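S.K.: So TrEMBL has the following annotated:
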| type | residues | note |
| --- | --- | --- |
| ACT_SITE | Asp68 | active site, proton acceptor |
| ACT_SITE | His96 | active site, proton donor |
| ACT_SITE | Lys195 | active site |
| BINDING | 67-73, 95-97, Arg426, 452-454, 539-541 | GTP binding site |
| BINDING | Asp68, Gly95 | Mg(2+) binding site |
| BINDING | Asp68, Glu69, Gly70, Lys71, Asn93, Ala94, Gly95, His96, Thr184, Arg198, Asn308, Thr323, Arg424 | IMP binding site |
| BINDING | Thr420, Thr421, Thr422, Gly423, Arg424, Arg425, Arg426 | substrate binding site |
| REGION | 1-49 | region 'Disordered' |
Amino acid sequence: MDFSPASRGGAFGARKSSKTGDIGGVLPERSFNAESMGSPARKSSDDGAMNDGDRWKFCVVLGAQWGDEGKGKLVDILAQDAQVCARFNGGANAGHTLVVDGRKYAFHLMPCGIINRSCKNLIGNGVACHLPTLMKELEQLKEFDPRAVERVFISTRTHLLVDSHQLIDGILEAEASSHSIGTTKRGIGPCYSSKSIRNGLRFADLLHFETFEARLRELIKWSQKRFGEEGEADQPSQQLLRKCLREYNTRKAFDPEHGARGGVGSLEEEIERYRQFSQMLRHQIVDSVTFIHEEIMRGNRVLVEGANAALLDIDFGTYPFVTSSNTTIGGVCTGLGVPPKVIDNIVGVVKAYTTRVGNGPFPSELQNERQDLADFAGEYIGEALTIERKGDTRGPYGLSTGDVVKVGEMLQEVGHEYGTTTGRRRRCGWLDIPLVKYSAMVNGFHSISITKLDVLTGLKEIRIAVAYRSVDMTEVRLPSGYFPSHLEDLKKVVCEYETVQGWKEDISKCRRFADLPAGAKRYVLRIQELVGVPVSSVGVGPDRNDVLVL
């Protein structure tokens, strides 16, 4: 039995399933229609507004897959009705791109509530904050809201990520070689390491600057002693980073040729930079536990956005190919200082297909970052499309009615699957229901929000991975909601697929669930049935208005 990628798709190495099944070609295909599955869990009003019964006081929005699900847009929409928007984990390795009135805003640290001029924004104690990055994000907002900084508050307990953490991250990633995690090299792991070994710096230290300066010098000296000396097996990139760490010239590390991508030229310059930051933000650094509990006591609505996603959680993700913080619901309590009982709404954001960045097993993968997998062959029945690919020597990506397409490549290009933070092409695959069910179990989602449904437009048939089986025993399904904790076990997973009919109509102008074509409705309703969690909204385009609230 062949379980290789080449066994999974049409003219590019696929094979059709027999009547006996389709696990990459061995378990039965099934068809579903909207009538057999009933209606969405909640009805939308005629104008698409959320019903009064859907009100919340403390809402958490979490990624349900490997990140890049489109959490930012949902948070942006919900933030219009919130008084506080908070981040509880991660750092500048996360990225949200919002489109508001045709203008793009890319945030890596800033809570998305900043787009609502009446919303306060809190960076919680669980975040690893690179302050120069945060200040750049505030700078880009000056035209939108000159007083945006007055709505940003940072916990005194939030850890400062300094440039040395980024240098160390690059050194360690290069050292890992073939076992590379595929990090963004933004210094997140080393910052959390400093937190754990208790030589880190917190925002409270900026309010006592003499203490901050002394502790920063100690941290840099410690970093230089442990990571500054060259090793015999060092790669050229490591040698440069170690040299920059010894000299503390991060400007050269970030841009060896021109020194124009940020950073500082010396430790003294770093200290002066943070002295200015401390003066600018003195009134924005707050005791976040008191801050958020006062907001709760006033009856204000608090919206919490997660960075990264469930399968990148340091405990529950695909370890070691994970981030360095808890991205799941428990991290909200420890990253903001709130008890579980205050949380009354947890929304899991699920992309209509699956993507991930970096290394690690990916059961439903169709195409990788290099675009050199066999992929799955599918028929395209939608309208002709031409998509620009900046910097790609192959020119624009084109689709015509009747084309046989590589589905994974289509998802990458039509979905613009390039990382906000890294610019790397994302790996793409079919929607993985076992993964989403596992995420729902860990997080306790009250509902799920499906994003980027429009990217699937034009596919005549769409597959859904509905169950896992082991390559060692394909006749038995793995338990519902089970997700392997070890990479070697995950590598042995094969997916059982169902196929639903797609749709050819443009759905980007739909404003109610009822407006969607039958194929799109079938797909959404089948996801709801398989996951066992109500669908609360569906994304049909990139703009903030392109969301159907059910």
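Using the three backbone atoms N, Cα and C, a Cβ is placed for every residue, glycine included.
TrEMBL entries are annotated by machine, without manual review.
Keep in mind the model is a prediction, meaning the values are calculated, not measured.
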S.K.: If you compare CA-to-CA distances from Asn93 (IMP binding site) to each of the recorded positions Asp68, Lys73, Lys195, Arg426, which comes out shortest?
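M.R.: In terms of Cα distance, Asn93 (IMP binding site) lies closest to Asp68.
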S.K.: Say you check the Cα of Arg426 (substrate binding site) against those of the recorded positions His96, Leu453, Val540; which is nearest?
M.R.: His96
S.K.: Work out how many Å separate the residue listed as 'active site, proton acceptor' and Gly423 (substrate binding site) at their Cα atoms, rounded off.
M.R.: 12
S.K.: Please give me the CB contact count at 10 A for Val540 (GTP binding site), counting all chains in the structure.
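M.R.: So the Cβ neighbour count for Val540 (GTP binding site) comes to 26.
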S.K.: Measuring Cα to Cα, tell me the gap between the residue listed as 'active site, proton donor' and Gly423 (substrate binding site) in whole angstrom.
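M.R.: So the Cα of Gly423 (substrate binding site) lies 13 Å away from that of the residue listed as 'active site, proton donor'.
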S.K.: Around His96 (active site, proton donor), how many other CB atoms lie within 10 A of its CB?
M.R.: 23
S.K.: Tally every other Cβ atom lying within 10 Å of the Cβ atom of Asn308 (IMP binding site).
M.R.: 29
S.K.: Counting other Cβ atoms within 10 Å of each Cβ, which of the recorded positions Lys73, Lys195, Arg424, Arg425, Arg426 scores lowest?
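M.R.: Taking Lys73, Lys195, Arg424, Arg425, Arg426 as the recorded positions, the minimal 10 Å Cβ count falls on Arg424.
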S.K.: Measure from the Cα of Arg425 (substrate binding site) to the Cα of every one of the binding-site residues Gly67, Lys73, Leu453, Val540, then give the nearest.
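M.R.: Comparing Cα positions, the candidate nearest Arg425 (substrate binding site) turns out to be Gly67.
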S.K.: Give the distance between the Cα atoms of Gly70 (GTP binding site) and Gly423 (substrate binding site), rounded to the nearest whole Å.
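M.R.: Distance (Cα to Cα, whole Å): 16 Å.
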